[in-house]
Amino acid sequence: MRGGAPRGVRFGQPVQPVMQVGKSGDGFADLILAALTAAWWLLRTVAAAVWRFPVVTAGVAVVAVAYVQGEVLTLLVVVCVVVAALLTWWLLRPASFARWVAGPVRRRIKRRSVHRSWPGLCERAGLSLMEVDHRAGGRTCWTPGLSRLRWISREHEVLQGQVRILAGQTVDDVSAASERLASACGARACRVMQTSPRSASITWLYGDPLARPVAPRPVPDVPDCAAVEVGQREDGAPWQLRVAGTHLLVVGVTGAGKGSVIWSLLAGLAGGIRSGVVQVWAVDGKAGMELTAGRALFSRFATTVEDGVQLLEDAAAVMTERAARMAGNSRTHQPTVEEPLLLVLVDEVALLTAYTPDRKLRERAEKALAALATQGRAPGVVLVAALQDPRKEVLGPRNLFPTKVAMRLDEKAQVDMVLGEGAREAGAHCHRIPESMPGVAFVKVDGVREPVRVRASYYSDEDIAELAATYAPSTVRPGVLQVVGDMPVTVAGGEAA
Ligand SMILES: Nc1ncnc2c1ncn2[C@@H]1O[C@H](COP(=O)(O)OP(=O)(O)OP(=O)(O)O)[C@@H](O)[C@H]1O
């Protein structure tokens, strides 16, 4: 059994002592052995105390030295002066005291307490494995190793470490215990993310950087379509969304903040919209209520179901024509002014599919959406769809969206419906997002096991108006895909062809 014992284990606790004292039958030898054992125990205990409680042991040492030197009074005066100075600081400047004294001390205590209690935590959370040595008659309790424990965000109190999982365990086992690990450590949440087949990063979140609205990000002149910054992640890092070579589905009940994801995305791409490297065709099934404010950013805009379906079919035609041209030459589309990345944005897509009474229109919309979702990625035609109701009969090709954003949802069963099976178990509690936190969501990207909690930047009506006024696409350019009237055409010699 020991041969198969897990490698990389950092904590191993023998539960039953294997070494036995007093079997030699020689009284003097037994005495020496007992004295050596006692000395070894004392040495280990003192070393452990110094290692575990350095401040306390240093304090005891200082008091002992002062006592020996006969300077106890001087020490008392020094201690009183330091305490008085700290008290005055705390009373006069509580914020700077919290920043420079209380915060670091609290974080240090918390980090050490998590590190120290980790073996016990693992045992209570069912993450330990018991190994029985039948020959020696002992048992050893193995717990997953915890290393590199550090605060990755002091401001938001995010503590992260690396867990080396035991042979016979999976990262899912650690994920399943994450809620217990969070409450045992007094954290708001605990997230587990696989980093290699045998290890995972474990993050305890004490503060919540998403508790307050996230301010809009600066608009880059040249957008990075592989990582558009649209908000903040719960670990304090920026939330970046891939746009090129993917499709994005945003789902949430009314008022969940789907609009903020859309506006954040448009703002992140605005530099490209102005230069013409990105083109946005938008459909607002709610008669333009949501998107009209950004009308100037769109090369094409539909506010009725008929126009919306036509727009989707035209986008599918552009996609087919590009794909035919690219066949045999290139497999990835490089956005240029001549052939921009085409973002097809559909707000409340259900109005074109499930809620349209006209069966023919519905079928045309479903066909165009399915074509865009299945073939649009390579030729640079990206579908971004927002939806309130995640049921399959409302939007069929949900699984064809590699990036899914689930905002506040009504029922917990809807979480896996949007993000895929196992997402709720992995911590995506969209049904628990409070109404008071619009813009908060869980994002799941295909190929990444764990959903990530995020909040989109908030754009006020004034921000949107300014965005539209500043970043509207430049006018007609020769040889460029343009929309004239309501039709996409390539303009020759600066005039509509
Ligand atoms: N990221 C955000 N941060 C702070 N507040 C937000 C955010 N997003 C939205 N809100 C607030 O929530 C309200 C509702 O947002 P929004 O209209 O985007 O929701 P929605 O999901 O699009 O709803 P509907 O489906 O009914 O259009 C907004 O008026 C705004 O006040």
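Heads up, the Cβ atoms here are built off N, Cα and C, so glycines get one too.
Listed features, source TrEMBL:
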BINDING   GLY252, VAL253, THR254, GLY255, ALA256, GLY257, LYS258, GLY259  ATP binding site
DOMAIN    234-416  domain 'FtsK'
TRANSMEM  27-43  transmembrane segment
TRANSMEM  50-67  transmembrane segment
TRANSMEM  73-92  transmembrane segment
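The Cβ neighbour count for GLY259 (ATP binding site), using a 10 Å radius over every protein chain in view, is 22. Apart from GLY252, VAL253, THR254, GLY255, ALA256, GLY257, LYS258, GLY259, the residues listed for ATP, the same chain places the Cβ atoms of GLN388, MET407, ARG408, PRO438 within 8 Å of the centroid of those Cβ atoms. Comparing Cβ neighbour counts within 10 Å across the binding-site residues VAL253, ALA256, the minimum falls on VAL253. Of all the Cβ atoms in the protein chains shown, 12 others lie within 10 Å of the Cβ of GLY255 (ATP binding site). Most other Cβ atoms within 10 A: among the binding-site residues GLY252, GLY257, that distinction falls to GLY252. Of all the binding-site residues listed here (THR254, LYS258), the one with the fewest other CB atoms within 10 A of its own CB is THR254.
Mean pLDDT of the predicted structure over the domain 'FtsK' (234-416): 89.
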